[in-house]
Structure formats: C-alpha cells, structure tokens
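Colleague: Below is a structure I'd like to ask you about.
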Amino acid sequence: MVYIEAIDAQEVMDSRGNPTVRAAVRLSDGTRAAAIVPSGASTGKREALELRDGDKERYLGKGVLKACANIKTEIAAQLDGVSPYDQSKIDLILKKIDGTENYSELGANATLGVSMAIARASAQSLRLPLYRYLGGSNALTLPTPMLNIINGGSHADNTVDFQEYMIMPLGFDTFAESLRASAEIYHHLKAILKGSGHITSIGDEGGFAPNLKNNEEPIEIILKAIEQAGYKPLDEIAIALDVASSELVDENGMYHLAGEGKVLDSAGMIAYYENLVAKYPIVSIEDGLSEDDWEGWKLLTQKLGNKIQLVGDDLFVTNKKILQEGIEKNIANAILIKPNQIGSVSETMQSVRLAQRNNYKCIMSHRSGESEDTFIADFAVALNTGEIKTGSTARSERIAKYNRLLEIEREISDAEYIGKTLFKR
C-alpha cells in the first residue's frame, strides 16, 4: 500500500514579491510533488485565514514561517503513513487538526498547500494527469477564459474605480483559438494606449493600468482593440467586469466612484450597471455590490440576473454554507472559485458541486499574488467549471496556466470548448 512518507514546507516568493508557502510531499513509492499557494490583494472578510508571521523585521510582517512550521510539525505528524488517494479523508484530517471554521490555527495557506501537493502526488503516483485524477472520465470541458486586460482599483495605481476589465473569447471552437484571439487583442490594446500617450506598464495580473478619465473609457478602448484585431464585439469577444465593490463602499453603505466623483447607494449602483449593460456588450459583472449588501444583491439579481452573469467572489468566498444561503435567497447566479478562500481541495470541490446542482455558473480563479503553479488549470478542467480567470496574456505566472490548458486540450481527444453556448444571446 502506498502511503505518505514525508511532508515538508518552504517559504518561497509569489509574483508580487511577497513570501508564500510551498508544500512538498513524498510518497512511499518514491513519488514527489509540490504545490505553491497563491495570495489575494482584495480579500473577502469571510475568507479562510492566511497565516502571516507579523514580524515587521522580515518581509514587512508578511513572512509565512509559522505556516511552514505548522506543515512540518503538526500536519506532517498526523498525515504520516496515511494513504494519499482518499482526498476527502486527507482534507478532513487537516480540518480536524486545525479545529476552527476558517483555519485560523494552522493557516489556510498551510492546509491548502498540503492538500494540493497530496492531490498532485497521488495523480503522479497513479500515472494520471491531475485533471483526470480529480475529475475522472467526465473531465472534458476546457474553460472559457476571462482575461484581465485593463486593471484598476486595488490592482493598479490609477484613477479607474473598477478592479478588472476583462475580455471573454466566446465565438471560437477551441481554447487555442480563443487564446490566440485574446493575445491579438491585447497587443492591439497596447498599441492604442501607446498611441494615445498612455503608459503601458502592467498591473499585478498582466493588464494595463492607464490613467483614464472615467470607468467607461476602458470599455471604449477595449472595444476599439477588439475591432482593430478583426473580431466582432459580443458575437466573438464579450466584456466582463470585476467591480470589487467591497473596496468602494463606506460604513454607511454608500459606494464611492472616486474616479468619476460619484457617491451612489445600492439602487444607484444597480441603475449604473443597467445603463452599462444596455450600452456595451457586457456579459458578466463580478462583485457588483458589497459582500454585506445582501438586500442590494437581491435587487441586482432581480434586475439583471436574467440578462448577464452576476458573480459572487467576496460575497461567497468559495464557502458552501454562504453559497447555500445565497441560493435560498436568489442572490447572484454565479460563483468565483478560489481554493485559498476555503483552504482545501475537497471543500473547493464541494462548493463547485453545490453551485452546479443549483445552476450557478462557476469560474475557477487565480489570485493577484500567483506563482508558476498550474494547479487551477487542471482543477478547472477536472470540475468542468466552464470558465477561468487567470489574468492577461502577459506575466509568466499567468501564462503558465494558459500553456497548461493548451497542453490539456491536446491531450483530451474529445475536449469541449463551450464559449459559444456559455451565455444566452
């Protein structure tokens, strides 16, 4: 019987120059595998706890030596000799060792790193691709990417309020074709920005971060880039937004669009979105209202839920209990899936299955602090999420995921790319 022989951890760097956890596993058959945990810039209040050292003398307090120590001691001892092939059991043990709802003892960056590394080691031990090990024979769907090509909000130092302006390549038959179109649009966008005298430096996720006059100008420029690249807005390339409204709201529930000099209540924000959706080929809005504004979310879903995808990120934080409440109250119609928000592979899978059973769309997602780890690419295919957010066609930590998806598409002879049928049009 194959069993877990050793677990180790190391403090490594993420794409923003901050430390993060690398967990490594060795099995008794000699298999070795590792995983690197990502980290977010804008985070939901109900996310699982990312354990940081708080020592201002090291990495400005952001070190993860405590999380690494928890892996090397408590976690390694409890998982020593356990079969790696029962992921649910592994993750239940991790939950039991921690003893809290949000991994505040061990740190979700410790538990997720171990959970991912064991899943990867198990797949390698069985000589299976990770997507096949986690998803079985039904893992066939290549996700439609949501590519963040203009950054604002907390992901960039500029005057744009919304955090992400994304393109979704819908009108294509393969993932490879969709990625090519996206890359071409990205290069046209760069040329347009440069020609207009804007800076073409990029944000955390590879998108450009120009100083633009309002929150609509990025959409106008993106549409120009789509057309210059020879593609049709909406039919082939649609627009998606991540507003990250929890970063815009004050203690009185008012939303501050500083770039436009506006202060709006929930109804005002909803009217603002209705105007945008009527005016532009927008198919998805993420975190359109604050994570605490459930009454506003209910109204937003009533107004726009039959027209576009309304994604809960900070709203649901990949947590099945919160998602269940949202389903019961008819809040949103899609969920962003970030494994580090919940702390283990199994709990992530549970949230996806709950969403899919209730016809909520799922978007597998990276974080702004990423690495060369490609786990989420396989995970998206394994769970047939149908959509993925993993940045622009720039920055190698983003490209790594796209290249892995290209590889997977070649491996699966009957792979499906469902961009054309993803949304009602």
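Note: Cβ is positioned from N, Cα and C throughout, glycine not excepted.
Pulled from Swiss-Prot, these are the listed features:
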BINDING   Gln163, Lys338, Arg367, Ser368, Lys389  (2R)-2-phosphoglycerate binding site
ACT_SITE  Glu205  active site, proton donor
BINDING   Asp242, Glu286, Asp313  Mg(2+) binding site
ACT_SITE  Lys338  active site, proton acceptor
Colleague: What is the nearest of the recorded positions Glu205, Asp242, Glu286 to Ser368 ((2R)-2-phosphoglycerate binding site), using the Cα of each?
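Modeller: That would be Glu205, the closest of Glu205, Asp242, Glu286 to Ser368 ((2R)-2-phosphoglycerate binding site).
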Colleague: List only the single closest residue to Gln163 ((2R)-2-phosphoglycerate binding site), chosen from the recorded positions Glu205, Asp242, Glu286, Asp313 by CA-CA distance.
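Modeller: Sorting the recorded positions by distance from Gln163 ((2R)-2-phosphoglycerate binding site), the top entry is Asp242.
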Colleague: Which residues does Arg367 ((2R)-2-phosphoglycerate binding site) neighbour through Cβ under 8 Å, counting only same-chain ones at least six apart?
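Modeller: Set apart from Arg367 ((2R)-2-phosphoglycerate binding site) by at least 6 residues yet with Cβ under 8 Å, we have Pro38, Ser39, Gly40, Ala41, Lys338, Asn340.
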Colleague: Other than Asp242, Glu286, Asp313 themselves, what residues in this chain have Cβ atoms within 8 Å of the centroid of the Mg(2+) site's Cβ atoms?
Modeller: Gln163, Glu164, Leu241, Val243, Ala244, Ile285, Asp287, Val311, Asp314, Leu336, Lys389
Colleague: Does DSSP give Glu286 (Mg(2+) binding site) helix, strand or coil?
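Modeller: Going by the DSSP assignment, Glu286 (Mg(2+) binding site) falls within a strand, counted as strand.
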Colleague: Can you tell me how far the Cα of Asp242 (Mg(2+) binding site) sits from the Cα of the residue listed as 'active site, proton donor', in Å?
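Modeller: Rounded to the nearest whole number, the Cα-Cα distance is 13 Å.
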Colleague: I'm trying to understand the geometry here, so how far is the Cα atom of Lys389 ((2R)-2-phosphoglycerate binding site) from the Cα atom of Glu286 (Mg(2+) binding site), in Å to the nearest whole number?
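Modeller: Distance between the two Cα atoms comes out at 11 Å.
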Colleague: Counting across all protein chains shown, how many other Cβ atoms sit within 10 Å of the Cβ of Lys338 ((2R)-2-phosphoglycerate binding site)?
Modeller: 26
Colleague: Counting every protein chain present, what is the number of Cβ atoms, excluding its own, within 10 Å of the Cβ of Gln163 ((2R)-2-phosphoglycerate binding site)?
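Modeller: By my count, 28.
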Colleague: List every residue in the same chain as Glu286 (Mg(2+) binding site), at least 6 positions away in sequence, whose Cβ is under 8 Å from its Cβ.
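Modeller: Those within reach of Glu286 (Mg(2+) binding site), by Cβ under 8 Å and sequence separation of 6 or more, are Glu164, Ala240, Leu241, Asp242, Val243, Ala244, Val311, Gly312, Asp313, Leu336.
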